[in-house]
Every structure is written in structure tokens, then in C-alpha cells.
Amino acid sequence: MGDLARLPLLEKAPTTHARLLAWVEEVAELTQPDRIHWVDGSEAENKKLTDELVEAGTLKRLNPETFPNSFAAFSDPADVARVEEQTFICSENERDAGFTNNWMAPAEMKQKLRGLFAGSMRGRTMYVIPFVMGHLDAEDPKFGVEITDSAYVVASMRIMARIGTDVLDRITQTDAFFVPALHSLGAPLEAGQADVAWPCNTDKWIVHFPEERSIWSFGSGYGGNALLGKKCYALRIASVMARDEGWLAEHMLILKLTSPEQKTYYISAAFPSACGKTNLALLDPTIKGWKVETLGDDITWMRFGKEGELRAVNPEAGLFGVAPGTGWGTNPNAMRAIAKGNSIFTNVALTDDGGVWWEGMTEETPAHLTDWRGESWTPDSDAPAAHPNSRFCTPIDQIDMLAEEYFSPEGVELSAILFGGRRKTTIPLVTEARNWSNGIFMGSTLSSETTAAAAGAVGVVRRDPMAMLPFIGYDAGDYLNHWVNLSAKANPERLPKIFLVNWFRRTAEGGFAWPGFGDNARVLKWAIERLEGKADAVETPIGFVPTGESIDLEGLDMTPAEVESAVRVDPAEWATELASIEEWFANFGESLPAALQSELDGLKTRLG
């Protein structure tokens, strides 16, 4: 075992899984950690790790009366978001990565990564985290093992995924396939060298090898770059698995809607980051008799059931939400879940009484805070107190409105799929697709103004197909074709209806054309009534939109004429939009599905 005599925990590994042991040994030899710890996921282990993180200054323990068993972390200012320019899909063939992904030949990338990872865990503990995405007792559980040198990652993964001994035992007993997910902060400690509160490296690489189903992440301790079960596995690698196995891994919420007649419907919805996905998943309806429960706020895996129905499951165990804008006024259900504790906050502000705060959390701004950079802050300060991409990480089972179906490995049958972006003009409040193919066209041309969740310019309109642009693990044209072709597996009577929504449309005066938040239930109600054949609509060149009277406005200070204005299809705006869509589709070249070209041609004809 070479130099591994100094790694005593390897001999006492709690598994006999040959591939796993060989991989752990290979990584230990490469990264040279001081010790190896197999994560069991227990309370005692979590307490020990969080105590150590508090002592190291990585975590700050919050006031136990207001935020029980909760902590705040503050990252290096250069490590605050996903790094899309350093995220790679290293497929064997460059064409399979497509134009939306960065690519490097796998052998060349592996050589580069081995150089970076060599000795990268020196002076640190190497944690081995067995995890499962979805349910352990699912028909086809999807396993992973993350190796990391960050205890913050262990504590966060414990919230976000099902981890620990039960998972490892199942991997061992069934000799299961697992996705190896390797993560290092890239901050080795030499003997006697003092650590910093947030170790990271200026050189960051987030790399996926789709054919071998593996992930290597170097240099970042932040969220999606480091919690590898999340975007890296559950979307980028899982989308490739889904392509090969005939299912879908999508950037979507799942909600359960119950009508006053006690009829239930399940809806999934795809929105780019910071477009209200968590708020919709945790919706408090403002219309009488309608009830919303949630099954998930970020990632949905969908498969066809035995009768050709499309079924959805949330593979995650926690919420990893953008904090700013989440407040008692806008999302009380999220706030109640957070108030139960057991949460980790990253890059929020601290109140003087040991609590946390961020923009939009309360109506009144505290008179004094410590901002996310550790500086004294008052409402007169120039910069926001919390980073725009600051996060809360909270167990999903703390949500009072969690639907019991969340715990079902079979998932739920979808009645509708929503696609939504953030556009000030052009896109109506809600549009019903003409059919499945037209709905995929809507999803493929989804667009939004960029947000703080990704590093780079803010406020530029970018196309974001199915809200998956940063997360498609293979060629984007092949991905859209996979969506188109899936309908062949479906029972056409049971295919979900597709709708395009835009909560962010502005009026001519510059205000929002729609109140949003809890009132979005009124749009969901219209969509459900369309499924049931009960609501009126107007046919437009882009699809069906509500009549002014068909949206329930009871109790809302809004007129049918204002609804008509919010769903108006403006020919001049759509002439510009058509040109923009043509430019977008040109990127796909040969891989653009013929069905989508024909949808575009049809739209052109209808717009005249």
C-alpha cells in the first residue's frame, strides 16, 4: 500500500466494495491527506465537525434561541458563485459537449487535474461521503461518493443529500455503481502553517467526465462547486445518464396543488436562478380554497411510469436557496423552515444579537449589522449587507407544507410543466403551448436577464433552454432532441401540458404588470382549469393566453383590462424576438432538432 501506512483509517475502512476502496486509495496517494475519515452521517459526527469548524473560524454559531443548531459561514470574496467559465464537460468526443459547454480532451484534462490535486490535501483530513440521490429504496437508486477535504462540505452535504452508513452499507451489499466525486479546496497546509477561515485556491476547475460518470472539482469551497451531489451530479452527470437510460434530469421545482374540490395536481417548473423558483415551490396561495404543498425547489428527475405517465421525484434532501428576497412577506414558508434551525447560512449578514439578516428578509432594515465581509454595516452603507448570492442550506423536512409524496420513491404524476424566465417585455404573463413540440420550443427558447447566481455581467438577456444552460451535461441540440423524442414513450392522453410564464413583465410606466408571489396561484388555477377544459383562452401566434376574465381576480386590485395588457403579444416586440431566436438556433448547427426548426417556421408564418 505504498505510503499509506500513515493513513491508518484505510485499513479500517467500513466497506469491502473493491472499486470504492481502490478509488479512495488512489486519491489518498495523489492528494496526501494527514488522515481519512469515513462519514457516517450521525448527529455525534455532525456536532464534532461543526464544533471544529467553529473553532477554526469557518463557522459562527448563531443565537441558539432564535436559530437553534445553526451556523453562518463567510467565504473568500473571490469564491462566491458558480464559475461557469471554469466548468468543463470532458466528453471523449468534443462534439458531444456541444457549444454550451467548455471542453478539453479527457486525457489532457486528467493530466492537468492530477498536477493540481497532487498533495492538495496535505495537512488536512480527507472525508469520504457516501450519498444517494433520491430514495435509498428506489427501484434504481443513484449512488455517489464524494471525497473532500472540507468539513463545511460534509456538514452541508448532510443537509442536502441522504448520506452516511446506511448508504455505504447498501452500496457494499449490492456492489452498486457509484459516481466518484472528488473535491479539494486546493489549500494544503505545510507543517506549522496556520489555516485560514475559508481556504480556497485562485485556480478553480469544476470538471465532469460524462462517459465515466465522474466529477473532479478543485479550488472552490462554495455551494454548487463543492457540494457535488447537487448541480454536478444531479444535473450535469444525471442528464447524461438520463439520455442513455430514457429519463430526464431537470432544473425544476415540484409542487402539489389541491383545488377546493380536493382534486390534486402535480406541477414541475423550470426557472433560471433568482427567478422565483423557491418562492413558487413554497407558494402561499391568495385564492380561497386552493392549497399548495411542495416536493422540491430545485431539481427534478422524471421518468415514464408503467402507463406512459410522466412521474417526477426530487433527488435532494435539503433546500439551498438564494437568501436575498426570501422574507416573511414574500416566502413565509421558507422562513418558518429556516426558523426551526439546523441550517447553514453562507455570506449573509449578522445581527448584533447573533442572528442572520439579508435584504428582503424583513420590512425594516436593522440599524446595525456585520456584513458578509465582516465589516460594520448600517443602512447608509453603499454595498448590500448580504452577498446577492448568499444562501441558506436547510433540511427539506422542516417545511411545514412538505407533501407526503416527497417520501415516495415512485414520485408523482405530472399534470403540467411550466417554463419561466425574467423578462421585462415581450413574453406574456402566461401562455399555454399548442402541443408537446410547441412546449419544447418554448422551453428551448427560454430567456432571462442574468443574475448574481453566476459570476459575470448582470442584466443581459440570455437564452437558457429549460433553465438548464449551465447544467446540460452533453450537446444542447441532442438534449432538446431527447425531450422531443421522449413523447414517443408517453401515453399521449397523459402527457403534461406545457405553459410559459413570466412573472416579471413590466407595464409602460415601469412597474410590474403582475403582483406575483402568492398571487401566482391565480395563474396556476388558470392552467389547471385549461387542463380541465373550464377556462377561456385567446389563440395568439405564440400559443393560448388567458382572456381578461378567465384569471381569478377576486380580492386583487386589478382589472381584466390589466390582465389583457399583461398577456398582450406585441408584433413589433415579437419581430425582434424572432430575430433573436433565429440567432440562438444558429448556434446549434446540425444538432438542432427538425421539430424545433419547424416550430420556428410556423411561428414566423403566424406572426406574418
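Here the Cβ of each residue, glycine as well, is placed from N, Cα and C on the backbone.
Record check: Swiss-Prot places Y222, G223, G224, S273, N389, S390, R391 at the substrate site, and the matching candidate among R35, R61, R82, R568 is R82. Its Cβ taken as reference, H251 (Mn(2+) binding site) is surrounded by 25 other Cβ atoms within 10 Å in the chains shown. Closest by Cα distance to R391 (substrate binding site), from the binding-site residues K231, A274, G276, is A274.
Closest to H251 (Mn(2+) binding site) by Cα-Cα distance, out of the recorded positions Y222, G223, S273, C275, is S273. For the binding-site residues shown (D298, D519), fewest C-beta neighbours within 10 angstroms: D519. Counting Cβ atoms from all protein chains shown, K231 (Mn(2+) binding site) has 23 others lying within 10 Å of its own Cβ.
Neighbour counts of Cβ atoms within 10 Å were compared across the binding-site residues Y222, F517; the minimum falls on F517. Here D519 (GTP binding site) is positioned 15 angstrom away from C275 (active site), judged by their C-alpha atoms.
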